[in-house]
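Residues annotated as domain 'DPCK' in Swiss-Prot: 4-200. What Swiss-Prot records for 12, 13, 14, 15, 16, 17 is ATP binding site, and it gives sequence analysis as the kind of evidence.
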């Protein structure tokens, strides 16, 4: 029986570190962000639909999607943002499901769906267990400022635009506290996977 794990966290909580640890344990990871880029590649159904709805002005000269341009179109327009999500989200969900089923057919012990907005996009039904990577608020703020070269105001605004991390923690099956060392994080992950009978 394959255990489907939903991996999520807050911005700059260190989710990609944990994602990499799963890969090192030979547990396949399906990354929602990568799939979201793939489903809008030139010629794909979602791409065609975007061009139909938003016009060719959201394309680069080579015909590929101009993501920053599309981003600025939907950023200030709630209706257009919802239109875009209506096109992209189902395509991402379908592709994630397809890959998940493939790993289940292969008899994998576990498969990870790495979804930053797992709760916000109401995708918890796709997974059996939810694992949240959490950090203390000041750690999150410091990491985000350092990683993205943000001012404190910018970083705070970005953090506040997401569901609060403590709310995600409340809804998790297990939580990894990622404030300490890489080794400490790895130890926590291994303990959780043992508890779930995924590794010995």
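Cβ coordinates come from backbone N, Cα and C, glycine included.
Keep in mind the model is a prediction, meaning the values are calculated, not measured.
What surrounds the ATP site, by Cβ distance within 8 Å of the Cβ centroid and not counting 12, 13, 14, 15, 16, 17, is the set 9, 18, 133, 135, 178 from the same chain. Fewest Cβ neighbours within 10 Å among the binding-site residues 13, 17: that distinction goes to 17. Its Cβ taken as reference, residue 15 (ATP binding site) is surrounded by 22 other Cβ atoms within 10 Å in the chains shown. Neighbours of residue 16 (ATP binding site), defined as other CB atoms within 10 A of its CB across all chains, total 17.
The number of other Cβ atoms within 10 Å of the Cβ belonging to residue 12 (ATP binding site), over all protein chains shown, comes to 23.
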